[in-house]
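Enquirer: A single structure is presented below for examination.
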Amino acid sequence: MILRQKGLKHRGPDWSGLYQHGDCYLAHQRLAIIDPASGDQPLFNEDKSIVVTVNGEIYNHEELRKKLAHHKFRTGSDCDVIAHLYEEYGEDFVDMLDGIFSFVLLDTRDNSFVVARDAIGVTSLYIGWGLDGSVWISSELKGLNDDCEHFESFPPGHLYSSKSGGFRRWYNPPWFSEAIPSVPYDPLVLRRAFENAVTKRLMTDVPFGVLLSGGLDSSLVASITARYLAGTKAAKQWGAQLHSFCVGLEGSPDLKAAKEVADYLGTVHHEFHFTVQDGIDAIEDVIYHIETYDVTTIRASTPMFLMSRKIKSLGVKMVISGEGSDEIFGGYLYFHKAPDKDEFHRETCRKIKALHQYDCLRANKATSAWGLEARVPFLDKEFINVAMSIDPEAKMIKKDEGRIEKWVLRRAFDDEEYPYLPKHILYRQKEQFSDGVGYSWIDGLKAHAARHVTDKMMFNASFIFPHNTPTTKEAYYYRMIFERFFPQNSARLTVPGGASVACSTAKAVEWDAAWKNNLDPSGRAALGVHLSAYDAETPLSNKPSKVIDSIPRMMDFPGVAIQS
């Protein structure tokens, strides 16, 4: 077994650890967030017979230490509990961990090993096999693609045991079966669950902040963090005033909304601007680090990649972000077309199961490219259980009842006495990250790709790329770059494909016949639903007629700010 960290120093610039036992090699690059002074890896049990390397955060480590009171811990690291839990419970301990993680555990007593990945796949992980029978594990493709005959993404919520030689799913929540839940919606229960998810992620020994786009999800994360920060250990170390970060093109919807939220919450706000050319110049680096050719992911990863570099330069090592909400609550605009509550719920299940290939991939790798860690409270295990147990009838979008997308989440934090956010922010329409940073960003990418990909190239695309054949010049452009970095067939198989409109699954494209002729992952592709907020660049008179037609309908939603 080989745990490989070749070419991954960017993920952990604070420490390099290496351990060998027989033909087993464990290497680790550490980004120190908890116990920076003594938590270097590998980590061991008392007699060093159990060896662990791990990427992630265990939020309930103090509670677990109490259960392991008769054990002696070598460090204050939150991940130090893993070796001792294995001693007590064997391979069945993984579900006891509340956090995000990818780890390899080596039991030197019998030379066996266990590999596990967190429930949703917030941390990235890959597994590969060599012709000589070796098993390789790495946080990124580039750590093993040149050495393995076959490699693949390690499935979230699974563990791999060398004793059985196969995978086993350890994460088995009720929603995974896609059975339709029936728990009545209780806004206070949902509110408390999310507040708990955010506050547990304030566990840090280093400077941190929040990513703030001004949309509902990141604004709620910022609001709750600002509300509860004062009494935490982090506040005592780094001060009680929260730092917030936003990125966008000059005049973009996100910059304007984020500044308003930051002023309302009183954060120290950092606004980063980029140009379309800045983003285009970074595309190759983004594809190298994110390791995908998926169009949506690359569009959204690029501004996040640029922002992460700026954040790290300020001395910040951890940020809290809002990924996952749209999947759980049906926040993407295409959910307006869900035919019934059953299909609405099944689509949210499908979206959550695929997050490790899209938003989690982006959030983890765009930040770790610069030695920054992203935490995502919407993907907290307990919060997901609460949110996914709600009768999906409550999540359905019903304009005649004033219920826009993610209504149940908005309603949960609509507190008149102690407001979390201004009303018009709380009810701001969904903007996908790649749209909200500025609509000309996507238009600029398409124009750039069109200059590099000819019609003749597109005509022969199915022969050059028979798997996941690119259907647009933008997709073809990204694919060429990806194949240059990762030419192996196993690499191209790690990237999902299929038809999509406004980030839908291929199954949801069937909800509206018109979508089959408008397969673009931008939120603007949900014709008849999206309302552009980018007034300066897109006057109403220049908007597609179907978007203009949607404006009177959108005005029926109370609390939604219509800018014109």
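Note: Cβ is positioned from N, Cα and C throughout, glycine not excepted.
Per TrEMBL, the feature domain 'Glutamine amidotransferase type-2' maps to 1-165. Among the features that TrEMBL reports, L-glutamine binding site is placed at ASP78. What TrEMBL lists as ATP binding site is LEU211, VAL247, SER321, GLY322. Annotation source TrEMBL lists site 'Important for beta-aspartyl-AMP intermediate formation' at GLU323.
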Enquirer: Do me a favour and check the Cα-Cα span between GLU323 (site 'Important for beta-aspartyl-AMP intermediate formation') and LEU211 (ATP binding site); whole Å is fine.
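Expert: Distance (Cα to Cα, whole Å): 10 Å.
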Enquirer: Looking only at Cβ atoms, how many others are within 10 Å of the one on SER321 (ATP binding site)?
Expert: 25
Enquirer: If I take the alpha carbons of the residue listed as 'L-glutamine binding site' and LEU211 (ATP binding site), what is the distance between them in whole Å?
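Expert: The residue listed as 'L-glutamine binding site' to LEU211 (ATP binding site), Cα-Cα distance: 24 Å.
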Enquirer: Give the maximum pairwise CA distance in Å, whole number, for the residues LEU211, VAL247, SER321, GLY322 listed as binding ATP.
Expert: 14
Enquirer: List, in sequence order, the same-chain residues at least six positions removed whose CB sits under 8 Å from that of LEU211 (ATP binding site)?
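Expert: Long-range Cβ contacts: SER218, VAL221, SER244, PHE245, CYS246, MET307, VAL319, ILE320, SER321, GLY322, ALA374.
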Enquirer: Quick one: average pLDDT across the domain 'Glutamine amidotransferase type-2' (1-165), no decimals.
Expert: 87
Enquirer: For the binding-site residues VAL247, GLY322, work out the Cβ neighbour count at 10 Å and name the residue with the minimum.
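Expert: Selected from the binding-site residues VAL247, GLY322 on minimum Cβ neighbours within 10 Å: GLY322.
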